[in-house]
Amino acid sequence: MDDLSDPSAVAVFNHLNSSLVLSREISAKNIFPAFDPLVSSSNNVNPEFIGQWHYNAILETRYILQKYKEIEDIMLILGFDELDDQSKTIVKKALQLQKFFSQNFYMTEHFTLKSSVFVNLGDTIGSVEKILKGEFLDLNPEKFSYIDSVDDIKI
């Protein structure tokens, strides 16, 4: 399915337990996989299935990314420097999160010449939590591209 506004796509989504939506907009930012966490969904995103820590990280990440989406147009018109401090913090966290969600795939090693690594779920949630806490606000979001953990960032 290519068009999420297509009624047949909407009808199918209602019968799925989860959906992973890939985005051309995210792909254009050179972030792969280009999944859109705001449109993707799963019935298993529930503290009973994934635990409270993971659940809280997902909720806060979605909140930051949604706020960023709301701020993005204003920022493009006025510029980053004209945003209030709270909005600047949201933008920095959102850009870092977007870049952090990039991954090197095992199946593309042959083409990209970049080795892939399996990352433990706990390490991933811990890294996301550190980004959400604002521990790296002074760092360029590009430093978060295709890393396994925030511990891999070279400062």
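From the backbone N, Cα and C atoms, a Cβ is placed for every residue, glycine too.
As the structure is a computational prediction, the values presented were derived from the model and not from experiment.
The annotation domain 'ATPase F1/V1/A1 complex alpha/beta subunit nucleotide-binding' is assigned in TrEMBL to 2-42. Nonlocal intrachain contacts for the domain 'ATPase F1/V1/A1 complex alpha/beta subunit nucleotide-binding' (2-42), taken as residues 6+ away from its ends with a CB within less than 8 angstroms of a stretch CB, comprise 61-62, 65-66, 69, 98-99, 101-103, 105, 145.
According to TrEMBL, the domain 'ATP synthase A/B type C-terminal' annotation covers 52-107. In the predicted model, the domain 'ATP synthase A/B type C-terminal' (52-107) shows an average pLDDT of 94.
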For the domain 'ATPase F1/V1/A1 complex alpha/beta subunit nucleotide-binding' (2-42), the DSSP helix/strand/coil residue counts are 12 helix, 6 strand, 23 coil
Helix, strand and coil residues within the domain 'ATP synthase A/B type C-terminal' (52-107) as assigned by DSSP: 48 helix, 0 strand, 8 coil
